[in-house]
Every structure is written in C-alpha cells, then in structure tokens.
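Noted in Swiss-Prot for the protein shown:
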REGION    18-57  region 'Disordered'
DOMAIN    74-352  domain 'Protein kinase'
BINDING   Leu80, Gly81, Glu82, Gly83, Gly84, Phe85, Gly86, Arg87, Val88, Lys103  ATP binding site
MOD_RES   Thr242  phosphothreonine
REGION    389-636  region 'Disordered'
COILED    403-434  coiled coil
COMPBIAS  413-431  compositional bias 'Basic and acidic residues'
COMPBIAS  522-531  compositional bias 'Basic and acidic residues'
COMPBIAS  554-566  compositional bias 'Basic and acidic residues'
COMPBIAS  588-603  compositional bias 'Basic and acidic residues'
COMPBIAS  619-636  compositional bias 'Basic and acidic residues'
Amino acid sequence: MIIMMNCFPCFTSQKSRNAPCTTNETNDDNVEHDEFRPPVVATTKRTEEREPAEQQPPVKTFNFRELATATKNFRQECLLGEGGFGRVYKGTLQSTGQLVAVKQLDKHGLHGNKEFLAEVLSLAKLEHPNLVKLIGYCADGDQRLLVFEYVSGGSLQDHLYEQKPGQKPMDWITRMKIAFGAAQGLDYLHDKVTPAVIYRDLKASNILLDAEFYPKLCDFGLHNLEPGTGDSLFLSSRVMDTYGYSAPEYTRGDDLTVKSDVYSFGVVLLELITGRRAIDTTKPNDEQNLVAWAQPIFKDPKRYPDMADPLLRKNFSERGLNQAVAITSMCLQEEPTARPLISDVMVALSFLSMSTEDGIPATVPMESFRDKSMSIALSRHGSCSVTPFCISRKDVGNKSSSSSDSEDEEEEKEQKAEKEEESTSKKRQEQEETATDSDDESDSNSEKDQEEEQSQLEKARESSSSSSDSGSERRSIDETNATAQSLKISYSNYSSEEEDNEKLSSKSSCKSNEESTFSRYDSGRDHDDSSRNTSMRINSLAHDDKEEDEEENHETRSYSDHDDSPRNTSMRINSLSHDDDEEEEEENHQTRLEHIHSSKSEDQSVYSDDDAGESGESSLHRIEAKEEEHISSDHD
C-alpha cells in the first residue's frame with residue numbers, strides 16, 4: 001500500500017518533496033537544497049516556477065566528513081599553500097578517485113548560508129579554459145569549503161623562483177604563452193561576464209600551470225567570500241599580502257576597477273621578462289621593488305636586453321623583447337585611464353607567443369585593437385631605438401566603459417594628430433623653400449660680387465699697364481713726388497680702415513714732426529759715383545726684400561678678414577695698384593739716378609715722404625738722402 005501511495009505525488013508530503021537528494025545530515029535547516037537539486041517529480045505548478053533554478057550550473061555538495069577523508073583529515077603533508085582566503089589542501093575523492101584542491105575558508109566573519117550559496121552560484125557560472133573550475137562546496141555547520149579542480153604543475157611563482165634540481169628554466173616562447181593564457185582568462189572576467197569581475201589579487205602565485213605549462217587563474221571572484229570584510233585590520237593584511245602587485249590607486253584607498261587588474265598583470269609580465277620577484281628584500285634598497293627598478297629602464301631601449309632574465313641566455317628576438325617591454329610599460333602607467341584594455345594586451349601577446357623571431361608583425365590591422373594606442377605603441381617598437389609609448393596625463397580623459405565612446409575619443413585624437421602632422425609638414429616645406437630661395441639669392445649675390453671683383457681687377461690691371469707704359473719715359477722730380485703723395489694717401493686710407501684711432505693719431509703726430517731733407521751732389525768727382533751707386537744698389541735690394549715681406553703681410557691681412565665684402569675687394573685693388581706703382585717707382589728711381597749721374601751738372605733734390613716706417617718708398621728716400629748727405633759731407 002505504501003508503495004502504491006508513493007507512486008502518486010498527491011499522497012507525498014510537502015516535506016518529502018522539499019527533501020534534498022543527498023545525505024548531508026549536518027546541513028542547517030534554513031538551507032533550501034532544492035535550488036540545486038530539483039525534485040524527482042515536477043508536475044505541479046510550483047515546480048514549474050522553479051525551472052530557472054534547474055538551469056543553474058551543476059555544483060556538487062560535499063559533506064565535511066567526505067572532504068576530511070579526501071585530504072587525510074587536512075594533514076600538513078597535503079597542504080598546497082596558504083593565502084588570504086585560507087588554506088588549500090590536495091585531496092582525492094573516494095567516490096571517483098578524482099584529484100581535487102580543497103580550499104578551507106577562514107571561519108571568522110563568515111556570511112550566512114544564503115549569501116555564501118549565492119556567491120558559490122556566481123562562481124560556478126565562470127567557466128573558461130584559463131580559469132580553475134569550481135567542482136563543489138561544503139557548508140556543514142560553520143565549515144565553509146570550496147572544491148576546485150587540481151592543477152598538477154604548480155604555480156608560476158614556483159617555476160620562476162623555486163625551481164627543482166635538474167629542472168630547466170622556461171624559455172621565452174613559454175613565458176609569452178603563459179602571459180597570453182593569463183590575459184585570456186582575465187579578458188573573460190572583464191569583458192565576457194556581466195557584471196565584470198574584478199580579480200583584485202592577480203599575482204604569480206595565483207597563476208597555476210599544468211604539465212604542459214597551460215596557465216589557469218585561481219582565487220578569482222572570492223572577494224565577497226572574504227572573511228572579515230569591512231575589518232580594517234584584515235584589509236591592511238591583505239594589502240601587505242599583495243604588496244608589489246597592487247595598483248597605486250589601491251594603496252591610496254580609491255575604488256578598484258578592471259584597470260587595477262591590468263596593473264597587476266603588468267607586474268606579472270615584468271616578472272616573466274626579468275625573472276625577478278615583485279618584492280625582493282635580498283636585493284639592494286633601490287632594487288627591492290621591481291616596478292620602481294624598471295621604470296628608469298623603460299626610458300632607455302638600449303638597456304632592454306640587460307633587464308631580461310639571465311636564465312634566458314638571450315635566446316629571444318630583440319624586437320619581441322622591445323614589444324613585450326612596451327606592453328609592460330603601458331600596463332604599469334600611474335593613471336588607470338592611461339593603461340590599455342586587457343583585450344588589447346591579449347591580442348598583442350597572441351603574436352608574441354607564436355614561434356616567430358620577428359615579434360609582432362607590422363602588418364597587424366588597426367581593427368585588432370580596441371584601443372588604437374596599443375597598435376601605435378607596438379608600431380613604434382618595430383626597431384630597437386624607440387622608447388615606450390606613454391600617454392600623458394593631459395591627454396588622459398575619463399574613458400567610459402562602452403567601446404563606442406572610447407572609439408570616438410580615439411578618432412578625435414587621431415584627427416588632431418593628423419592635423420598636427422600636416423601642419424608640421426607644411427611648415428617644414430615652407431622652411432625648405434625659403435632656405436632654397438635664400439641659397440639661390442646668396443649664390444646670385446656671390447656671383448655678382450665675383451663679377452664686380454673681376455671687373456675691378458681688370459680695371460686695375462689696365463691702369464697699371466697704362467702707368468707702366470707711361471713710366472718708361474723720364475719723369476721729373478715733381479711728378480715722382482706727386483705719385484709718392486698719391487701712394488701715401490691710398491695707403492693711409494687702407495690703414496685707417498684696419499687700425500684704430502690711437503694708431504692714426506700717433507702716426508699723424510710722427511708725420512708732423514718729421515722734415516724733408518735735401519742733399520747736393522758734387523758733379524766734379526767721378527770716383528765717388530761708383531761707390532755711391534754701389535751703396536744705393538745694396539740698399540735697393542734690401543728694400544725690395546723688405547717690401548716683398550710687407551706685401552705678403554698685407555695680402556694675408558686683407559684675405560683673412562672678409563673675402564666677399566666690397567671693402568675687401570677695394571683693399572685688394574688698392575694693394576695691387578700699390579704693388580704696380582711701387583715697381584714703377586723703382587724703375588723710375590733707377591732711371592732718375594742714372595740720369596743724375598750722367599748729367600753731373602745740376603744739383604737735384606729728392607723729395608722724401610716720411611710715413612713712420614709704414615711706406616716702403618718713403619723709407620727708401622730717407623735712407624738715400626741721408627747716405628748722399630753723409631757722402632757729400634765726407635768729400636767736402
């Protein structure tokens with residue numbers, strides 16, 4: 001009879017319909033297990049209203065005794081690790097033989113069962129290959145345990161800093177694949193889940209690796225399950241636990257966003273590149289904080305190879321290293337809005353994780369990145385001489401979460417940048433045109449100056465040739481004195497341009513004090529002529545040598561000042577005419593002396609012009625006059 005009654009739901013009690021299917025006798029009475037385990041018979045209207053609960057992801061419930069047996073009563077030998085949320089033990093389920101990781105949450109400040117189960121349901125919805133899968137839970141009495149899949153390879157921290165004897169270090173491609181997988185998991189939490197899940201505790205110890213180094217993120221979405229939420233003492237200890245990974249806004253007490261996770265991911269990526277811990281107290285004081293140590297290196301691309309992990313032995317593409325450092329530097333920006341989206345980081349790392357030696361190709365389309373600043377930064381890092389792309393604080397605005405607003409802002413920025421580039425290019429073209437015009441004008445002016453100089457030189461040569469033709473005739477003493485006077489005037493004009501007023505004043509005073517001398521020659525004594533002519537020839541030869549030295553000095557002085565100036569041209573012409581006139585004067589003087597000796601009948605006076613030792617012809621007259629006077633006095 002009882003069996004017959006059990007076949008019909010109308011004879012079953014309400015309590016029996018709501019009874020759970022599992023044999024967990026230690027659960028509290030206020031837990032409604034039918035949310036997870038629907039009744040066997042669902043023919044009533046009440047069960048139809050619970051159809052949404054049937055669509056919940058399957059989450060298995062465990063009793064405490066079963067999990068204690070799986071972990072050997074939570075022995076120390078089964079302990080995998082300990083964090084801010086509690087301890088993690090390795091266990092084996094006796095029913096299936098499956099290896100699991102049992103996380104025993106701290107008992108202090110626990111939520112009620114309803115809140116705990118709501119969070120468990122939200123965790124069960126998060127399914128991704130790069131996330132550790134939640135298998136079940138336990139809520140017996142005051143016990144709160146979570147059961148996850150077991151990842152056999154250990155954590156990224158173990159492979160970077162706690163290598164076993166004989167274990168090979170990870171190569172460059174493996175490290176980039178780990179970074180790419182972690183970025184995929186983080187991108188799922190940020191963009192594929194509504195509302196977005198903020199990791200809050202991303203670090204190397206929370207990235208688990210399987211036997212093939214496939215990364216899986218753990219401890220995600222547990223911030224609401226965190227015991228002691230609201231307790232300032234506990235929160236401060238949590239900050240200390242993640243010190244070195246936490247974003248600057250977290251330490252300032254600001255609200256956390258998805259960009260805070262991007263900063264933590266940048267620290268992990270920097271650890272993969274350098275092989276250094278985020279905080280290492282064994283290093284010198286200026287190298288204990290990894291981010292603070294790396295910030296100056298970001299500005300010097302030549303030092304990028306030096307910051308790479310020595311265990312890599314430089315077995316990586318230099319271009320790929322530069323691009324990885326560029327991505328890291330963007331993730332570690334001080335301002336949250338200046339950091340890239342994790343989706344763009346994921347796309348960039350997808351190319352770096354490939355088995356290529358060229359890094360990210362330059363032909364990656366702009367549409368691959370949601371934020372165009374990432375593509376610009378990577379294109380700038382195509383060579384080894386480009387510094388990391390950094391967005392200034394002035395350009396950083398309050399970016400909205402929607403992609404349409406960010407795209408509009410980026411388009412406006414691009415248009416402004418294009419306009420600025422066009423304006424700068426136009427200015428450069430104008431400057432080049434003006435420079436070419438000025439060069440043409442200068443060339444034409446120089447050609448004109450050369451033509452004028454040549455014409456003046458030709459005129460000077462013509463005048464010198466005409467004067468040489470006329471100098472063949474005998475000129476009187478007055479004509480000779482007039483020529484000497486003209487030479488004195490031209491030379492004084494030249495010297496006035498080169499010397500200062502003091503020298504000119506001293507020269508004029510010297511000229512005023514000197515007097516002209518006259519000598520008379522005895523026409524009756526023939527034997528004196530030969531001695532006098534000999535001394536005069538010797539003096540003329542000495543004067544010629546002195547005059548040549550003075551001419552060379554004048555030429556060097558005239559050519560060293562300004563070659564293209566009209567003043568220099570006139571100085572050259574004066575020097576050339578002066579040289580020609582001096583040669584004519586020498587010839588005329590010799591003919592004049594021969595005429596004096598041949599006539600021997602008249603006394604002639606020679607006019608000497610005193611120029612304070614500056615004019616060669618004047619000094620010659622003074623020397624000759626004095627010698628002739630001395631000879632005449634001896635004969636008398």
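Keep in mind that glycine also has a Cβ here, set from the backbone N, Cα and C atoms.
Taken together, the residues in the coiled coil (403-434) have a mean pLDDT of 65 on the 0 to 100 scale. You'll find the Cα of Glu82 (ATP binding site) roughly 13 Å from the Cα of Thr242 (phosphothreonine). Gly86 (ATP binding site) sits 15 Å from Thr242 (phosphothreonine), counting Cα to Cα. In this structure, the C-alpha atom of Val88 (ATP binding site) lies 18 angstrom from that of Thr242 (phosphothreonine). For the recorded site, Glu82 (ATP binding site), the DSSP three-state label reads strand. Here the binding-site residues are Leu80, Val88, and the one whose Cβ sees the fewest other Cβ atoms within 10 Å is Leu80.
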